[in-house]
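Engineer: Shown below is the structure under consideration.
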C-alpha cells in the first residue's frame with residue numbers, strides 16, 4: 001500500500017522542518033491545504049482557519065499552511081510522549097528546541113545510544129581483571145570507553161537543550177545519569193593519563209546508561225515496580241531481621257559453651273549462622289552438635305525455621321503479591337490517563353475555528369503523516385472511520401481519546417478472509433487438504449502419532465547399544481525417526497495447504513510443531529554426519545510437549561507464559577544488571593585473593609584443599625572466585641541458588657576479613673527481593689489469565705480482537721477524502737459498492753486488561769472528566785498576534801508560565 005507521505009518530502013523530520021523554516025512557502029506534504037482555501041466546510045477564500053497554535057511557531061513568520069504543519073507535528077509529538085509514557089514537562093516548546101528533540105528521538109540515534117551503552121557494559125571483559133581471551137591494553141579500552149561516554153554525553157547535552165537545566169531536577173533518572181556520566185568521564189581521563197586502572201567500583205554503575213535507552217522501557221518499568229514494592233518488603237524484612245537477631249541472641253546464650261558447636265562462639269558468629277539458616281543452606285549441620293548434647297535443643301531450631309521460613313517468608317510473598325497486584329492496576333490506570341492526556345493535547349492542536357469541537361479527516365491525515373508515516377491512506381481512513389462512531393464526519397474529543405486503540409489494528413478486506421486457495425490453480429489441493437485437516441479425527445490421529453513417537457523413543461532408550469554414538473544414532477537417527485519426521489512434515493504441509501502459510505504461522509502451537517520437527521530433522525542429519533554431536537538428541541523429544549495441550553491446566557500454564565514473556569524478559573535483564581553490578585564490586589574487592597588451600601583450621605578447610613597431583617571433589621571450591629567477569633557471574637549464580645553459599649562466604653571472610661560477609665548477605669537480600677517480585681508477577685499473571693478465561697467467552701474475545709468497518713467510496717468523499725488520499729482509496733473502494741474491512745489487534749495483556757478492567761476504566765475516566773471540569777483556569781488572549789488562540793494560564797501554585805497549545 002502506498003504511504004501518505006509525499007514523494008517530494010524528505011524522510012527525516014528534522015531536515016524537513018529545517019527546510020520549512022528557511023523557505024517562505026510549504027509544499028503541503030501531500031495535504032489538501034492551500035494558502036487560499038475554503039476551510040472545513042466551504043466558505044470565503046483567504047479566511048484564516050487556524051484553531052489553536054503550536055508552541056513551535058513562536059517567533060517565526062509563517063503562512064497558515066505552515067502553522068498547520070507545525071500543529072500536526074506537535075500533536076504527533078504529544079502522541080509519542082503518551083505512547084512512551086514521557087512527562088509533558090519535557091515537551092519542546094519553541095523552534096530552537098525542536099531540532100535537538102528530533103535528533104535524540106531519531107531511531108538511528110536510539111540505536112547508537114544502545115550500542116554505546118552495550119560497549120560500556122562489555123568493556124568489563126577487557127579491563128583488568130580481564131577475561132584472558134579478551135584482554136586489551138589500557139590505552140585501547142580507555143579510548144573506547146571515552147568514545148562511548150562521549151556519545152552518551154552528546155545525547156544528554158541535546159536533551160538538556162530542550163528540557164532545560166531547571167527541569168532536570170524533576171527528572172531524577174536524567175540527573176542520576178548526568179552525575180554518573182561526569183564521574184565516569186573523569187575516571188576514564190585519569191586511567192588514560194596514568195595508563196593503569198585503579199580501584200573503580202563506579203564501573204558497577206554502567207548499566208544505568210543501558211537502562212536509560214529507549215529500547216529498555218520494559219526494564220525501567222520493572223525496576224519502577226521493584227522500587228514501588230520496596231516499602232512493604234522493607235517492613236517485612238525489618239520484622240524478619242528482628243526474629244533473626246532475637247534467635248541469634250538466644251542461640252548465643254544457649255550454645256556458646258558447647259565446644260563442638262563453633263557456630264555460636266560469639267554474637268557475630270551466632271547472627272551469621274542464623275542468617276544462613278534462614279536459607280536452610282546449613283541445616284541440619286548447625287543443629288547437630290547441640291542436638292547431640294540434648295534432643296530438646298531441636299525445638300529451638302524447629303521453631304526458628306517455622307517462624308522465619310514458613311511463616312514470615314510466605315507472609316512477605318503474600319504482602320508483595322498484594323502490592324504488586326495493586327501496582328499493576330495502578331500502572332494500567334496511570335498509562336491510560338497519561339495517553340488520554342496526550343490525546344487531549346493533540347486534539348486541541350487539530351481542531352479549527354470553523355469546527356472547534358471535532359477533528360476533520362484532513363487534519364487526522366496530517367497528524368498520522370507525522371506520527372506514523374508508514375501507514376497507508378487506507379489504514380488512516382479506516383482508523384478515522386473506526387474512531388468516528390457518531391458518523392458525524394469529525395472526531396469529537398471523546399472519540400479522539402481512543403486514538404491509541406486503533407493504532408494496533410491491522411486492516412484487511414473481508415473478502416480476504418476467503419480461503420487462500422480460492423480461484424487459484426492450487427484450489428483442488430487446498431480443498432482436499434481442508435477436508436482432511438478439519439475432520440474431527442485428524443487431531444486424534446496426530447496425537448496418536450506423537451504418542452507412537454514417544455513409545456518408539458522409549459524402546460530405543462531401553463535397547464542395548466554398543467557405545468554412546470550407537471545409542472544416540474538409534475535414538476535420533478534410526479529408521480523410525482525418519483518415519484515419524486516424515487509424517488510430521490506431511491501434517492505441517494496439510495495444515496499449510498488448508499489454511500495458508502500466514503494463517504498457519506499465527507498459531508503458536510503450529511510454529512512450535514514445525515520448529516521442533518525441523519530441528520529434529522536437522523539433528524538426525526547431523527548425527528548421521530557427525531556421530532559425536534550428542535547435543536542434538538534433545539530435539540526429537542520436544543515434539544511430545546504437544547501432548548500437554550490436551551489438559552486445560554497445562555494450556556493455562558502455557559498461556560500464562562505467553563502473557564509473561566515481555567515481563568520475564570525485563571526481569572531477566574534486571575537480574576543480569578544486578579549480576580553485573582555485584583560482579584564488578586566483587587572483582588574490585590576480591591579479585592586478588594587465591595582460595596587454594598585457604599581457610600586453615602576453619603569449618604570449610606576441606607572444601608578448599610588443593611593438590612596438583614590429586615584433588616577431592618570438595619577441593620574444587622577454589623574455582624568460585626572473582627578473577628574476571630565470567631567467573632564472577634558463575635559464582636554469583638551459585639550464591640543465588642544458596643546451596644552451600646555460606647562456604648563461599650566463610651572462605652572470603654577468612655582471607656579478606658569478616659566485613660566481607662556484608663557483600664554476600666546484601667547480595668542474598670537483593671536477589672530475594674527481585675525473585676520474590678518475579679514470583680508475585682507470575683502469580684498475578686496466572687490469576688489474571690484464569691479470571692479472564694472465566695469471564696470471557698470465545699465470542700467476546702473475538703469481538704475484542706476484531707473490529708469491522710463498513711464504508712463506500714461515496715461515504716469517503718462525503719467525509720472529506722480528496723487529493724492524494726482519494727487517489728489511494730479509489731483502488732480499494734469501487735463506486736457504488738459497500739466494502740467491509742476487518743481490523744485485527746494482537747492478543748496482548750494490555751488489550752486483555754481493557755476487557756478485564758472495563759468497569760474500573762469507566763470509573764477512572766469519569767473521575768478524570770470530573771476533575772478536568774472542576775480545574776480552575778484563566779483564559780488569556782494574546783494581543784501580539786491576532787491569529788493566536790486562547791492561552792491557558794495555570795492558577796497560582798502550578799506553573800507560572802503560559803504555553804500555547806498545551807491544554808484542552
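The backbone N, Cα and C atoms fix where each Cβ goes, and this holds for glycine too.
Remember, it's a predicted structure, so these values are computed and weren't measured experimentally.
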Engineer: Given the ranges 267-284, 339-356, 357-374, 375-392, which one is assigned the annotation transmembrane segment in TrEMBL?
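Structural biologist: Checking TrEMBL against the ranges 267-284, 339-356, 357-374, 375-392, the transmembrane segment one is 267-284.
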Engineer: Would you please say which range out of 474-495, 496-517, 518-539 has the annotation transmembrane segment in TrEMBL?
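Structural biologist: Among 474-495, 496-517, 518-539, the range TrEMBL annotates as transmembrane segment is 518-539.
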Engineer: Can you check which of 662-686, 687-711, 712-736, 737-761 TrEMBL lists as transmembrane segment?
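Structural biologist: The listed stretch tagged transmembrane segment in TrEMBL is 662-686.
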Engineer: Can you check which of 28-53, 54-79 TrEMBL lists as region 'Disordered'?
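Structural biologist: My reading of TrEMBL: the region 'Disordered' range is 28-53.
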Engineer: Of the ranges 192-217, 296-321, 400-425, 608-633, which one does TrEMBL list as transmembrane segment?
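Structural biologist: It is 296-321 that TrEMBL describes as transmembrane segment.
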Engineer: Three or more CB pairs closer than 8 Å, sequence separation of 6 or more: does that hold for the transmembrane segment (662-686) against the transmembrane segment (444-462)?
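Structural biologist: These two stretches do not touch.
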Engineer: Which residues of the same chain, at least 6 past either end of the transmembrane segment (518-539), have a Cβ under 8 Å from a Cβ in it?
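Structural biologist: Residues 468-469, 472-473, 475-477, 481-482, 485, 489 contact the transmembrane segment (518-539) from elsewhere in the chain.
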Engineer: Please compute the mean pLDDT of the model over the domain 'Ion transport' (440-686).
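Structural biologist: PLDDT averaged over the stretch: 86.
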